Amino acid sequence: MRETLHNLGLVRRDRVFRRFWLGMLISRTGDAFTTVALSWLVLTVASPADLGVVLLCFGLPRVLSAPIAGRLLDRAQPRVLLGWDNALRGVLIGLVPLLHATGVLRVPFICVIAACAAVLSALTEVAEGALVPRLVADGELEAANSLLGMNWEIAYIAGPPLSGLLVAWIGAPTALVVDALSFGLMSALCFGLPENARGADAADGDSRGLLGKWLGVGALVRLPAVLVLTASTVGFLFLQGMSEVFFPVYSRTGLTAGPGGYGVLVGAAGAGALLGVLFGPSVYGKLRPHLRMSAVLVVGAPLFAALALVDSLVAGVVLIGLATFLWGPYYVFERSLAQRLTPDGVRGRVMGARTAVTSVGFPLGSLTAGWLFAHADVGPVILAMAGGYAALGLLPLLSRSLRDTAPSAPPAQVPESR
């Protein structure tokens, strides 16, 4: 409890971080808001298949733009980049209700707007990992990342229902106008951040060409501990992507609880994850980095596996809530450690490369789960997912580069290519 109160107090103690945190909360909630409002609007003018294409346009371009965003964050003032990113996204979102009002809104226009917004959003996405070590002291990284992790969970829990209520009240086009204004508020907060001295460039070694220099792969590969963390996160997101398909299937087939049960399961997962971000770090104490990373992946696996043995909604809710609570601190630990191990001069590039690589995990997991549930019963898939979490925990445990990492290691230096 004391650690949790200390973490929450960072917002009060640090004015600059408070501004950044508030902006990210608005941004995360706005993203969830955009998805619901725009999805509903698309379904009123087009088909579900068209909606799938629009949502793909909202996500896929970020894979390509994230590394470039990271390099820009290393070379330019983040406050300016983030300010213009959110201002332009507000304009793009505002175009949708304008086109709708004039009667010329078509799916291709929405796809172009969605793709442009996705390209721009990479700046804010990468900045969350790259900028925090410049805003707070090393000893406050866990506190800062806990608070930023809370934003994700709050947006996931509150954003969609709030958006749904507003769409029902004033309609999707007007709701998108409100959403566009929220981007303007985020832009103003970003422009108000202090100027940030750019870190001295670390040696790029042989990072020439598109992959090595512009996409940040060279710097990432030469940081073996960060590479292991990135691989762990790809696997973790893969399993989370599987969970998105698992929840409705488990509710309908495993529990025969229907859509109401599905909503309760998702709510339990969200509440467990939020409480895990807040209170979970103290569960793992002062373990060394490789042990802590391994533990946070493994400890929830037995609880998840037990879902194969229960047919009660109450039992399922309890098990899922406990498992997600124990997994809740994963991103706090992983991001704080990656930030410490990455030199300031290439942190933007490395975080950009990580964002691009890890972003494929979630959709691949969803795709895999869809195929598995079409060919296998729920029980074996549950056990396979639990085994996946346990196996994933071996990656940091067996990593020599993470075993050699001190609990509060200073940023590493990228070695010169030989």
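Counting starts with 1 at the first residue shown.
Just so it is clear, glycine is given a Cβ too, placed from its N, Cα and C backbone atoms.
TrEMBL annotations:
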{"type": "TRANSMEM", "residues": "20-43", "note": "transmembrane segment"}
{"type": "TRANSMEM", "residues": "90-123", "note": "transmembrane segment"}
{"type": "TRANSMEM", "residues": "214-239", "note": "transmembrane segment"}
{"type": "TRANSMEM", "residues": "259-279", "note": "transmembrane segment"}
{"type": "TRANSMEM", "residues": "291-309", "note": "transmembrane segment"}
{"type": "TRANSMEM", "residues": "315-333", "note": "transmembrane segment"}
{"type": "TRANSMEM", "residues": "353-374", "note": "transmembrane segment"}
{"type": "TRANSMEM", "residues": "380-398", "note": "transmembrane segment"}
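Remote same-chain residues near the transmembrane segment (380-398) are listed as 228-229, 231-232, 235-236, 238-239, 242-243, 246, 250, 254, 289-291, 293-295, 297-298, 300-302, 304-305, 307-308, 327, 369, 372-373 (criterion: CB distance under 8 Å, separation of at least six residues from the stretch ends).
When each of 20-43, 214-239, 259-279 is scored by its Cβ pairs under 8 Å to the transmembrane segment (291-309), the top-ranked stretch turns out to be 214-239. By the count of Cβ pairs under 8 Å, the stretch nearest in packing to the transmembrane segment (353-374) among 20-43, 214-239, 315-333 is 214-239. If you look at the transmembrane segment (90-123) against the transmembrane segment (214-239), you find fewer than three C-beta pairs under 8 angstroms, all six or more positions apart, and that falls short of contact.
Here the transmembrane segment (315-333) has Cβ contacts under 8 Å with residues 142, 145-146, 149, 152, 233, 236, 250, 254-255, 261, 264-265, 268-281, 283-284, 289, 292-293, 296-297, 299-301, 303-304, 306-307, 389 of the same chain, all six or more residues outside its ends.
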